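Colleague: According to Swiss-Prot, the protein carries these features:
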type	residues	note
BINDING	His9, Asp13, Asp75	Mn(2+) 1 binding site
BINDING	Asp15, Asp75, His97, Asp149	Mn(2+) 2 binding site
Amino acid sequence: MEKVLVFGHKNPDTDAICSAIAYAELKKELGMNAEPVRLGEISGETQFALNYFKVEGPRFVETVANEVDNVILVDHNERQQSANDIESVRVLEVIDHHRIANFETSDPIYYRCEPVGCTATILNKMYKENGVTIRKEVAGLMLSAIISDSLLFKSPTCTEQDVAAARELAEIAGVDADKYGLEMLKAGADLSGKTMEQLISLDAKEFQMGNAKVEIAQVNAVDTNDVLVHQAELEKVISAVVEEKGLDLFLFVVTDILTNDSVGLAIGKAANIVEKAYNVSLENNTATLKGVVSRKKQIVPVLTEAFQA
């Protein structure tokens, strides 16, 4: 049987990795030769979850057409966030919870996108719909994805469905969601030992906003100053990325997991759009974004609207 690769976006977060593992397992149970892979490095937060539940991480691939003809996307759909040669393969399915943009196919596909906080929440339903029992380890990874995407249920993207799914999965996994979740988030917020290049690419996504090319990277921290003390070095590597990719804006968002506020570092010719979007003034290229924790709900749509205004 021909193999199908299942993967999340570039610079994968916990949902991208864990949902690829969980959905590949469901597809295998349903008779497909599916393998989860990843398009980037595994973050400290994700590695904590993999280690905790004793699951091996997916292997890394840069291209997919050299291996398979068919793929399944989880936790993304936008072409620039996917495999470099995504146009050379057939996308069979998409399971996602983001906006739909820069995506089209030549054939009809199974496309499931729901306005929930995490892809794993959708997968929890799909396991039940197909009558497949979720293994303890996989339940733990799916729980980890929901905790990560919802910032332990504090993000405005978090829905009642996410909370209910997390409670169900925690029971299967045999953990206390709140206690385990805080441990996992703290592991993810430990940025010691990371280079500046790693910091700005840990969780970075590229977007087309009107005519503007924008990249938004986000890291969680227990104290934003632990990251911003390196601002001069950060600006240097961000400026290099802006030039290399021809970006109009690179927004580096440092989120405090204790206060649920963020600081944005904006570099590029369109940095003023951040001021316009949030009614703030950039001082030394930074501004505090009160109550902003979600790139999907509080940054991407707000900036997109500001660029198109």
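Glycine is treated like the rest: Cβ placed from N, Cα and C.
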Colleague: Of His9, Asp13, Asp75, which binding-site residues come within 10 Å of His97 (Mn(2+) 2 binding site), going by C-alpha to C-alpha distance?
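Modeller: For His97 (Mn(2+) 2 binding site), the binding-site residues whose Cα atoms are within 10 Å come to Asp75.
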Colleague: Using a 10 Å cut-off on Cβ-Cβ distances across all protein chains shown, tell me which of the binding-site residues (His9, His97) has the largest neighbour count.
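Modeller: Answer returned by the neighbour count: His9.
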Colleague: Which one of the binding-site residues (Asp13, Asp75, Asp149) has its C-beta surrounded by the most other C-beta atoms within 10 angstroms?
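Modeller: Most Cβ neighbours within 10 Å: Asp75.
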Colleague: In terms of Cα spacing, which of the binding-site residues His9, Asp13, Asp75 are within 10 angstroms of Asp149 (Mn(2+) 2 binding site)?
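Modeller: The binding-site residues passing the 10 Å Cα test are Asp13.
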Colleague: To the nearest whole angstrom, what is the C-alpha distance linking Asp15 (Mn(2+) 2 binding site) and His9 (Mn(2+) 1 binding site)?
Modeller: 10
Colleague: Quick one: give me the count of other CB atoms within 10 A of the CB of Asp15 (Mn(2+) 2 binding site).
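Modeller: A count of 31.
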Colleague: Compute the mean position of the Cβ atoms of His9, Asp13, Asp75, which form the recorded Mn(2+) 1 site, and then list in sequence order the other residues of that chain whose Cβ is within 8 Å of it.
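Modeller: Other same-chain residues near the Mn(2+) 1 site: Gly8, Asn11, Pro12, Asp15, Ala16, Ile17, Ser19, Val74, His76, Gln81, Thr119, Lys205.
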Colleague: Reduce the DSSP letter at Asp15 (Mn(2+) 2 binding site) to three states and note it down.
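Modeller: Note: Asp15 (Mn(2+) 2 binding site) is helical by DSSP.
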Colleague: For the recorded Mn(2+) 2 site formed by Asp15, Asp75, His97, Asp149, name the remaining residues of the chain with Cβ within 8 Å of the site's Cβ center, in chain order.
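Modeller: Filtered neighbour residues, in order: Gly8, Asp13, Ala16, Ser19, Val74, Asp96, His98, Gly117, Cys118, Thr119, Ala120, Ala145.
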Colleague: In terms of DSSP three-state secondary structure, what is the assignment for His9 (Mn(2+) 1 binding site)?
Modeller: coil
